[in-house]
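If you check TrEMBL, you get these features:
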{"type": "TRANSMEM", "residues": "42-63", "note": "transmembrane segment"}
{"type": "TRANSMEM", "residues": "75-96", "note": "transmembrane segment"}
{"type": "TRANSMEM", "residues": "103-122", "note": "transmembrane segment"}
{"type": "TRANSMEM", "residues": "128-149", "note": "transmembrane segment"}
{"type": "TRANSMEM", "residues": "161-182", "note": "transmembrane segment"}
{"type": "TRANSMEM", "residues": "194-212", "note": "transmembrane segment"}
{"type": "TRANSMEM", "residues": "286-304", "note": "transmembrane segment"}
{"type": "TRANSMEM", "residues": "324-342", "note": "transmembrane segment"}
{"type": "TRANSMEM", "residues": "354-374", "note": "transmembrane segment"}
{"type": "TRANSMEM", "residues": "380-399", "note": "transmembrane segment"}
Amino acid sequence: MSSRSPSSSGLLPLPLPGTPSSSWRLYRARLSAFLRDPNTSVLVAFWLFGLINNILYVLLLTAAQDLVGPSIPKALVLLADVMPSFLTKLVAPYFIHLVPYSIRILVFVALSSGGMLLVALTPNTQSVGVKMVGIIIASISSGGGELSFLGLTHYYGVSSLAAWGSGTGAAGLVGAGLYVLMTDWLGMSVRNSLLVSALMPGIMMLSFFVILPRDRIKQGSATTGYEPLPGLDRDDSAENEGIEASAASAALLSEPGPSSVTAYHNNNTADKSSSFWANIRRAKSLFWPYMLPLLLVYVAEYTINQGVAPTLLFPLDQSPFSEYRSFYPFYGFLYQLGVFISRSSTPWFRIHHLYFPSLLQVGNLVLLTLHALLNFISSVYLVFVVIFWEGLLGGAVYVNTFAEIMDNVPVEEREFSLGATSVSDSGGICIAGFIGMAMEVWLCDWQVQRGRDYCRRVEVS
């Protein structure tokens, strides 16, 4: 195995503290050089995109009970937080390419902040419907942001996708923890906590206009459609089937140059109707290999989270908790931890067969549903393991779905495909929201009828 010095790899080692060559000026200079490196800027920018775009969704779900009160189903907040995002992802990929990324960022920031301000500033004496409007506005921004940022990774390579996935995974942990920090530890009111949250979308502007190197998208951002190069035929790719997979992977891991990611945008005079129907055909071709496994895993995991997990209760003397209300938040923490780890894993671990983990997730749903009915898992700690495993599977399918698109979809179709496939996660959450509302009531009633009244104890505790 050949050895490489730090200098030959492009990284200069920092001197050990106390050595003659160490000084704060040297540390600052090298840290500054690291932060100015374009690759570092891309990673930081996309990690912040993922974090901020998803964190408001988590904050609103965490604050659901405070927003609507105990008499209104919390699933109402979930649907208001997801359904508009789903509809946005369903229709926007067919026209959003007409809007430059810089304009999109400004619109998303305005919608996100405006929606949070509407939720925060609506007095409790007014209708919950006004707050729901604010949640819907923020949801539209989140859906548009996700499909846009995923499309943007097309210009920056797989490293940007890994950073985006890690940021979205961190949003679950940071969002829930931040709300608890502000309301419980710092003693802030719900109103003031949400007002602080309304400032967070501004970080997306900082990431896009200051941190992200935008030279790679300046040509493409002013174009009018997803069009292939003149004379480029999909069938021509058959000539390249002999290329080794390792060579293709190495090419994808390298940063794309402007010619490789913007050349197909130059056909600005293409017929718009033809472009629209071409995108419809592309969306159909994405369904079986990418959309369906992503949809399946989200239906399974959110049915677990919304419909089954609230009924997975054990006697308190057999658990680490002192009250029944503590089970569900801890399940949520374990799930989000698993999601964060797996969404950050693509630089080291890849899954190419997406249906396998999706079917394992369906297995988790069957297993936990059977336990809720038959009570055969002897220890809550085994349930902890399954919930953590659930998060690992869900996060892995999400980030590997888009990594597979970057690997396998031709460059002239990649930007559209990344954005269009994002509809599957929101669609899965919407379906699971309706299933979960019915399953929680059914499972809880089943347990009460058989003398396991833990659900009722949660309601009165």
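Note: Cβ is positioned from N, Cα and C throughout, glycine not excepted.
Whatever TrEMBL says is automated annotation, not expert-curated.
With Cβ pairs under 8 Å as the measure, the transmembrane segment (286-304) is packed most heavily against 380-399, out of 161-182, 194-212, 380-399. The stretch from 42-63, 194-212, 354-374, 380-399 that makes the most Cβ contacts under 8 Å with the transmembrane segment (103-122) is 194-212. When Cβ distances are compared across the two stretches, the transmembrane segment (324-342) makes no contact with the transmembrane segment (42-63), since fewer than 3 pairs at least 6 residues apart fall below 8 angstroms. Long-range Cβ contacts of the transmembrane segment (194-212) within its own chain (Cβ-Cβ under 8 Å, at least 6 residues beyond either end) map to 41-42, 44-46, 48-49, 52-53, 55-56, 59, 63, 101-102, 105-106, 108-109, 112-113, 116-117, 119-121, 141, 145, 178, 182, 188.
Between the transmembrane segment (354-374) and the transmembrane segment (380-399), three or more CB pairs separated by 6 or more residues in sequence fall under 8 Å, so the two stretches touch. Residues 42-59, 62-63, 149-150, 153, 188, 192-193, 196-197, 329, 332-333, 335-337, 339-344, 346-347, 395, 398-399, 402-403, 406 of the same chain lie 6+ residues outside the transmembrane segment (161-182) yet bring a C-beta within less than 8 angstroms of a C-beta in it.
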